[in-house]
Structures are given as structure tokens and as C-alpha cells.
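Below you'll find the structure, written out as C-alpha cells, and then a few comments.
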Amino acid sequence: MTTQKERIVIIGAGMAGGRIVEEILKRDDTRFEISIIGAEPCATYDRIQLSPVLAGEKTFDQIVTHSQDWYDSNGVKTHFGYWVQSIETAAKHVVLHDGQTIAYDKLILATGSDPIRLPLPGSDLHGVVAFRDLLDVDLMTQAANNGGEAVVIGGGLLGLEAAYGLAKRGMKSTVIHLVDVLMERQLDEAAGRLLEKALLDRGVISVLNAQSEAILGETHVEGLKLKDGRVIPASLLVMAVGIHPHVEPAKSSGLVVERGIVVDDQMRTSDPNIFAIGECAQHRGQCYGLVAPIWDMCRTLADVLTEKNVDSSYAGTQMATRLKVSGVDLYSAGRFSGGEGCEDIVFRDPGRGVYKRIVIKDDKLVGTVLFGEAADGGWYFDLMKKGEDIAPIRDTLIFGQAVTNALAGQDPSDAIAAWPDDTEVCGCNGVSKGQVVASIASGNDTLDKVRGHCKASASCGSCTGIVESLLKCTLGDSFKAQTGPKPVCKCTEHGHAHVRKAIIEQELKTLPDVMQALKWTTPDGCSSCRPALNYYLLCAWPREYKDDPRSRFVNERNHANIQKDGTYSVVPRMWGGLTSAKELRAIADVVDKFNVPMVKVTGGQRLDLFGVKKEDLPAVWADLNAAGMVSGHAYAKALRTVKTCVGSEWCRFGTQDSTGLGVKLEQATWGSYMPHKFKMAVSGCPRNCAEATIKDFGVVCVDSGYELHVGGNAGIHLRGTDLLAKVATEQEALEWGKAFVQLYREDAWYLERTAPWIERVGLQFVKDRLAEPEMRAALVARFLESQAVYQVDPWAEHAPKSEPAKVFSPLADLREGFTQPEPAE
Amino acid sequence: MNANVMINWTDVGAAIEVAPQSARRVETVMGAIAVFRTVADEYYAVFDKCPHKGGPLSEGIVHGRAIACPLHNWSISLESGEALGADAGKGCTPTVPLKIADGRILLGLNF
Ligand code: SRM
Ligand SMILES: Cc1cc2nc3c(=O)[nH]c(=O)nc-3n(C[C@H](O)[C@H](O)[C@H](O)COP(=O)(O)OP(=O)(O)OC[C@H]3O[C@@H](n4cnc5c(N)ncnc54)[C@H](O)[C@@H]3O)c2cc1C
Ligand code: SF4
Ligand code: FES
């Protein structure tokens, strides 16, 4: 005889539906026969992660939380792609859209919410979508593939994430928001402004105080008309103006429904056999729109159903929000805008775009808004939830946990170590400190492994810092980050080596990212670190990083050497010291045309035009370009000159074509930015007329081939080269030259020339890397990759009439004969 | 500033013409003025002449509310015009009143 198991039926296979199955099975995996019905045609996924999927930062497979396999292997019956039409409470079964019925003993409603659609004229046109499920993301992705303009109505969390994702997919993206602060329900005005700017940097335009009037178009959306008459063109229109609980079929089945399905503290509806969890539920008058409450609700309901803890009760959840827009750190929790009896503590650092506000009432933390630096969000939130007395730490509270604990004589990781095991670490996935520590102890010794194993920090990422601290204190010193000895500058404690390593390992790809990740102490660095970081970034990410002229010294920004009177000198390249009548004529013409006061032959075998006015630079370059000449980079931390002698072509002692090899070396390496300037020379015989043994890379030709020399310097401290190798062919000499340049580019510190670099790392280090053919080839390949981007003539880019040339002339001229523009009020 | 001096607010261009972390020059009969915009979008104006040896400050690297002179790397405060850090007390560049109205840059000139 078989006894019928108790049947639990769940309507809705979303985040609450999937989670409740898991919580029940965790407590009792034999007692129930569980069926789950979901209208979406797929298994359960992490809805929160639709934003990164839209932005192309994750794939759908990566966000599935409970797969079909998972349900199958746990003996759960699934009906995906089915819609529950009605609930017959007397008969205790549900009716699906195809007419089949499924009987239950206990029924759980987890039907979530529906997006609100504004009843605007035109809202039924093609190309008008919401942002709620996978289908919406598919529609948006398809639209984005055709390019065009996206308009998102609603500047809340969802709307901004949609707009960001669409901008990332290449659409022109505009957010329309009714009031004058973005995310006004979570942010105060100051943080809202910072957010607006951060979004603009990511290609999202915000139109505030704007009321939508009508969606325009014939069959497909073409634009959005605002009340003030403005029309914004759009090929895709996303409505993200809010959600309302999905209360069907509960309502028509006679359950008590107000805004949501009304439940008690044990998630029970007005029918004792029916429960509701997630966004469809209304508990103590409140409906939620975030996941944190779902985990609490599911725990309580599972306790009750399995009778593991019949007194378990749900008391509501405080919530925190984090925006999932890459690179924008934004966190808000509780009452941020203060009110009666509340005090504010505000910290701003506009330079770094950091804004923090904490709200205190009766010595308790009641709210916080963090922008730009939100690592302490979880800590504040925990203080809030626990209602901790913050009077003793009030002075330092705003500076965050690390400072507060350090000043209280406590190591911040010690503080986390002392947390009770049940402290919640990851709100998104409901993981406690004890679970994280257990996961680490079972062998998950990196952040990624912990994420994969217990899901902590795998969703919004706000608890990453805490999980890292737990890794540190569980694994001990082996996890401690290393810091270089001599700081780059006074803005940081880190040395060059550490910074270069972090840029690569942490995939830092912008200056603000580096400063943020490595905790720079100044808003935007200084004139020492900015050029260094700019170089490190362009060296590490030649394709992705966009060179920042504002972090370059004047000479590299203006592509000429500044002189003491504010004029410039201009040095065109003369390959290997060769020139022609045509080039000389063009130079002579430039000298006449622009009244250049002096022309000098430099020590680097080329001509230098001194005393050129800044506003004339673009025109001078254009004339030189026209004669086929490009910038000589005499001003840059880059390849300067390749000095040659006449070699075998003319000289009676010449052993090889030194001139030809010099020209080839210069053509291969010009345009390449380096830690410091870099000079080369090729001499045709050991008489060494090109002075190759005092160059960064020098070649001395001999009968049997080419001697390659490195690390020479004739500047402040004279240093002769070291012999690196001897090769037989010109081809090899070129290959070694490129590989050496790349090794120097990747390893030396900014403003360290090859001579001090080799003194520091040792010649053997260089030999080891270059002698190995595979490593040498890999260095050459990376060098060529960088050259593909950087081997461009900066002069040609700034030719007159092209846009950037404007910055070479004054903003205004108020001297005689100049008519002023109409003054503003 | 002395309240009796009549300030003549002169429009020298649109605020967006000066990119963040950079400067533009305004030529005047009294010498060039450098208009700066910081990373936090604050605007300042000072005479475009370093107190050290006259370097064009508008060509320096803007960092925080300071400018590093392009010639010998003195750091000059954009708020006060004073040399900062190691060179503090060695010199000062005159500052120029500036305000932004309706997206335009207005310089307070009394000449
Ligand atoms: C123009 C030139 C002098 C000349 O009239 O011949 C020159 C001019 C300057 N040199 Fe030089 N150097 C010039 C060849 C040299 C040479 C000789 C050579 O390249 O064969 C050396 C010694 C070789 C070497 O570099 O090892 C040389 C060693 C220096 C140094 C010391 C570098 C060092 O590592 O110790 C500096 C200072 C620095 O770079 O920090 C320097 C810095 C400068 C600067 C850039 C100073 C400055 O920051 O304004 C001068 C810029 C003038 C201008 O506006 O063009 N110059 N300088 C030469 C330009 C070569 C070219 O065609 O690009
Ligand atoms: C793009 C996006 C980003 C978000 N980001 C965050 C965030 O960063 N942080 C955060 O806390 N929250 C975020 N949220 C909100 C979070 O996803 C929701 O709070 C959560 O998904 C609610 O879970 P739920 O199970 O109640 O509803 P849902 O996950 O929506 O699941 C309900 C399911 O029930 C199904 N259903 C409804 N009616 C029936 C029926 N009659 N028959 C069968 N099936 C039915 C629906 O099709 C749906 O699959 C985000 C939401 C979106 C859309
Ligand atoms: S040696 Fe070089 S740096 Fe010195 S004055 Fe001559 S050109 Fe200038
Ligand atoms: S002129 Fe400015 S630092 Fe020398």
C-alpha cells in the first residue's frame, strides 16, 4: 500500500518560486510531492541579472539558478510554459490554460509583478517594450542590433539599467524622468547629480522634469513627444515606470487582495491552505519590489510547511538598493532624506565623484546613500538592521568600517571575523557568514570559487569586500595583497610594480578605476601619477583604453616641445637621419611662411624648428605632412631617433647596410609610447660612428652579423651598453629589437630609462626572456598589437580645420579689434 | 574682494568649451588669463603666468584644485593663486573672479 504524499503546488517559477522549492527540500526532501508551474517557457533564472545580460556582460546560461535538470534530479514536477487560469479552492486544484487540473494540499502563489504600462497614445506600437523578463531582453537586444535611438521612460533602477545596457549595445540612449532627480526614491539630489554625470560618461543622456505625452509612429515607434512639445526620436521605447503585484488568479478565486495578495506573518492568505510569497504578496500593508524580502519570506514559509519551526514568523525586511551599472558604485538603504529628529553626516569628494550621506536618529543609523564608493554599504546596513548604538563611533562613522575600526584599535578584518555566524553577508542570495566560512574551509580559496560554491557575492556584488575579508581571515597571510616598497607619488601608498600588476590582474581599464580600486587619496591624482597611470593603461590595454591627453605633459599633449617663452619647437622625423631635397624644401618653406626664428641640426640627426607659436602648430604640421613628413616625437616618452652611419653602401669599412637597418628599425618602432624616451643607433662596423653603445638599443654590425647592445645612456649619468646577443641576420636583429622594446614597455616603471631599469632588474632577466624563442615571439606579437593602434601620426590627427585644432587657439581674445559676444544676464 | 570696485562681468565663451581637467586661454590687454575646469566641474580663472619663471599655466596638468606648471612643475592653487607644497610661500599668481551663468563663462574684469 502506498501512502499519498502531501502535494505542494507552486504557481510561478520565478525567484520566489525557485527559492521556496530549495528551502523546503533543504529542510525535508522526502515528505512532499512538489509541482511548479511557470508561465515563462524556461526554468528559473536570476531576474536581477537580466541587466548584465542586456548589457552584454553576462549570458543567459550564466544566470540560471534552478535548471530543468535541477528540478528533475530533485523529483520536482515542472510545467514550464503553462499559465494558471484559475484556482478552485473548494476542490483544491488549479486549472491550467489548456484545461488540465493539478490538485494540491498546499498551494503557494509566487506570481511576482507586472510592469506598469503608461496609457499613452501609441503605447501599442511595435518597438514599445517593458523590462521584466527574458523575452523583453531578447526584444531589446534585437532592436539594438539595428542601432538607432532608445528612449527609456522612467529614471529608476530598472530604467537606468535598461538605458545603460542599450547604450552599451551601441544605441543612442536617453532616459526620460518625471522629476528632477534620478532614482529619487533612493537618492538625494547630490547623489542624483553624480549619477547623472556617471551615466552621461557611459553614453546615457538624462532628460529630467519631463512628462511624456504621446508615442509617435505609424506601425513602429518613431519618437516620444513630451508635454513641453519636444520630440525625442526613438526606434525603441522602454517603459520602466514601475510594477504592480500580479494578483491573478488569486483575486478571481476569492482570496483577499488589496494592492497585493494579503498574507499574515506566516505568509498565509485568507485561505489557510494557500500561501503567497515574493512580489505578489502584501505583508503588513507593504508590497516589496526587491529580492531581499523574498529570502526571509521563503525561510519562514519553509519552516512552517515542513513544521521544522511552526512558530517561525516573518516581520518584514529592511531593504537596500544597489545599481548594477558597471563602474557606477551606488548604494542606498533606509531613510536617506532624513526628517524629524534626524541628523545628517555628509562626506563629499567631488574630485573622485564620491558622495556619502548617513542619517542618524537617536544615536542609531537609519539610512544611508553612498555614491562612488559603496564598499561600506553592507556594514552600514548591518548597523541599521541591528539598531546598533553608534554614539561611540560617530566621529569616524562616515569614513567607513576600515577607518572606524582602525581608530578603535581594531583591524577591520578582525571585526568581521568576530561577527556571529548567522550575520547575513550576501543579501541577494541570503548567505550567512557561517556559510561563507564553511565554503572557504572546504577548499574554495578564491573569490570566484566562493561565488560558484555558495553564491555569496555572485549577484549584485555589494558584499564582495566582506567575502574578501573572510577569505583573508580564514586563509591567513597567504591571501594578503602585496604592496610595492616605493610609492608612485604622494597620492598612493602603492609602488609602480604593484600598480602595474593590479591594472592587469584586476582588469582596471580607466584612470578613475585604478584610483578607485587602489584607494588613491587625492581626487584625480597629481602631475606625477596621472602620466604614469595613463602610460600603464595604454600599455596594458592598447585596444580598449582611450589615451587621456589631460594626463600627459604639455609636450605630449601639444605634440611639440615647449620652450621657456611658451613657444614650441617642431622636429619632423628623418628616417635613420636620411632626408631629401623635397623634405628640405618643405622645411624651408615652413620656416619662411611662419617666420620660424631658428633651425638647428640636432644631436639626433635631424632638423629642429624653434620658436613656433602654439596657434601655428596645426598649420605647420599640415605643411610638413603634405611633404610626407611625420612627427619626430622629439617631445615624447617614446621612440626618438635611430641614428645611423653610412655603412656598407658607401663606407670602405662598412660590413652591413647599417643605414637600411636603422630605417627599418625606426619604421617598425616609431609611434610607440614607452616608460621614458628611447633612442637607437646602428653602426656599420666596430668604429661605431653612430655611437650605438650609448643607446637604449644599439646595433654594431660585424662581418658575421649583428651585435645587439642594450641599456646605454649618454645623458645625466653616462652608461655604456651591455651586450645582449649576437645574431646572424637583419631579420633577427629587427625581431630582437621589437621584443626588447616591448619587454621594456611592459616591465619598466614610468620615467625609468633602459639604463636604470637594467641596473634594477639585471641583464640576466632581459636575456632570459629574449633568448627563449617563444617568449620573444610573444613579446613581438604584443608589440605589433600595440603598434596597430598607436602607430599613427599625431600631427596628421590635428591638422587644421579638423575639430581638435580649436583647442590650439584662445577661448576668447579681448584685445583690440575683438568684438565681444553678447554678455549673459 | 572690495565691494566698491565695479566688476564688469565679461562673457568669454560657453562653459562646455573648457573640457574637464583642462584649461583654455583668454587673451586680454593685461596679459593672458587661463580659465580652468576641474574634474569636479568647478571653474577658476588665474593669470596665465607662473610665479616662478612665467610658464603658461594653461598648459599644465590640472589635478584637484591645483595646476602643475608645465615648465618646472610648481603646483599652483587655482583658488588662491599661491604656490603649494615644497614651493609654498615662494610666489603667487593673481586670480580673476569668475562665475558661470546660463552655461556661459563670465570673468570679472575691471579694465
Ligand atoms: C634638440 C636636442 C639638442 C640639440 O640641439 O641637438 C635636445 C634637446 C633637449 N633635450 Fe636632449 N636633445 C637632443 C639630443 C640629446 C642627446 C644626444 C642624442 O640623442 O644622440 C642626449 C644624450 C643621449 C641620451 O639620451 O642618452 C640627450 C640627453 C637629454 C637628457 C638626459 C637624458 C638621460 O637619460 O639622462 C634630457 C633630460 C630628460 O630627458 O629628462 C634631455 C632633454 C632635452 C630637452 C627635451 C629638454 C626639455 O625638456 O625641454 C631639450 C628639448 C629641446 C627642444 O625643444 O627640442 N636630453 N639629448 C637634441 C634632440 C635630438 C632629436 O633629434 O630628437
Ligand atoms: C531587470 C531587473 C533588475 C532587477 N534588479 C534588482 C536588484 O538589483 N535587486 C533586487 O533586489 N531586485 C531587483 N529586481 C527585482 C527582482 O527581480 C524581483 O524582486 C524578483 O524577481 C521578484 O521575485 P518573484 O518570484 O516575486 O517574481 P518573479 O521573479 O517575477 O516571478 C514570478 C513568475 O511567476 C510567473 N507567473 C505569474 N503569473 C502566473 C500564472 N498565473 N501562471 C503561471 N506562472 C505565472 C511569471 O511569469 C514569473 O515567471 C530586478 C528586476 C528586474 C526585472
Ligand atoms: S643640454 Fe639639452 S637640456 Fe641642456 S640646455 Fe642643451 S638642449 Fe637643453
Ligand atoms: S615657470 Fe612655472 S614652475 Fe617654472
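Any Cβ shown, glycine's included, is placed from N, Cα and C.
Remember, predicted model here, so these are calculated numbers, not experimental data.
For A:7-284, the entry in TrEMBL reads domain 'FAD/NAD(P)-binding'. The domain 'NADH-rubredoxin oxidoreductase C-terminal' annotation in TrEMBL covers A:320-387. Annotation source TrEMBL lists domain 'BFD-like [2Fe-2S]-binding' at A:425-472, A:488-537. What TrEMBL lists as domain 'Nitrite/Sulfite reductase ferredoxin-like' is A:563-627. The domain 'Nitrite/sulphite reductase 4Fe-4S' feature in TrEMBL is assigned to A:636-770. Sequence annotations record features per position, and here TrEMBL assigns [4Fe-4S] cluster binding site to A:Cys645, A:Cys651, A:Cys685, A:Cys689. What TrEMBL records for A:Cys689 is siroheme binding site.
On the structure: features taken from TrEMBL.
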residue: A:Cys645; record: [4Fe-4S] cluster binding site; DSSP class: coil
residue: A:Cys651; record: [4Fe-4S] cluster binding site; DSSP class: coil
residue: A:Cys685; record: [4Fe-4S] cluster binding site; DSSP class: coil
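Shown for the domain 'Nitrite/Sulfite reductase ferredoxin-like' (A:563-627): DSSP residue counts in helix, strand and coil, namely 29 helix, 14 strand, 22 coil. DSSP labels the residues of the domain 'NADH-rubredoxin oxidoreductase C-terminal' (A:320-387) in these numbers: 10 helix, 34 strand, 24 coil. The binding-site residues under consideration are A:Cys645, A:Cys685. Their Cβ neighbour counts within 10 Å are lowest for A:Cys685. Each residue in A:Val646, A:Gly647, A:Phe653, A:Gly654, A:Ser658, A:Ser683, A:Gly684, A:Arg687, A:Asn688, A:Ala690 lies on the same chain as A:Cys645, A:Cys651, A:Cys685, A:Cys689 and has a C-beta within 8 Å of the C-beta centroid of that [4Fe-4S] cluster site, without being one of the site residues. Sequence-distant residue pairs (6 or more apart) of the domain 'Nitrite/sulphite reductase 4Fe-4S' (A:636-770) and the domain 'FAD/NAD(P)-binding' (A:7-284) include fewer than 3 whose Cβ atoms are under 8 Å, leaving the two stretches without contact. For A:Cys689 ([4Fe-4S] cluster binding site), the same-chain residues 6+ apart in sequence whose C-beta sits under 8 angstroms from its C-beta are A:Cys645, A:Ser683. In sequence order, A:Cys645, A:Gly684, A:Cys685 constitute the residues six or more apart from A:Cys651 ([4Fe-4S] cluster binding site) in its chain with CB-CB distances below 8 Å. Under the criterion of 3 or more C-beta pairs below 8 Å, with sequence separation of 6 or more, the domain 'FAD/NAD(P)-binding' (A:7-284) and the domain 'BFD-like [2Fe-2S]-binding' (A:488-537) do not qualify as touching, having fewer than 3 such pairs. For the domain 'BFD-like [2Fe-2S]-binding' (A:425-472), the DSSP counts in helix, strand and coil order read 26 helix, 4 strand, 18 coil. Looking just at the domain 'BFD-like [2Fe-2S]-binding' (A:425-472), the mean pLDDT is 80. For the domain 'Nitrite/sulphite reductase 4Fe-4S' (A:636-770), residue counts in helix, strand and coil come to 52 helix, 34 strand, 49 coil, using DSSP.
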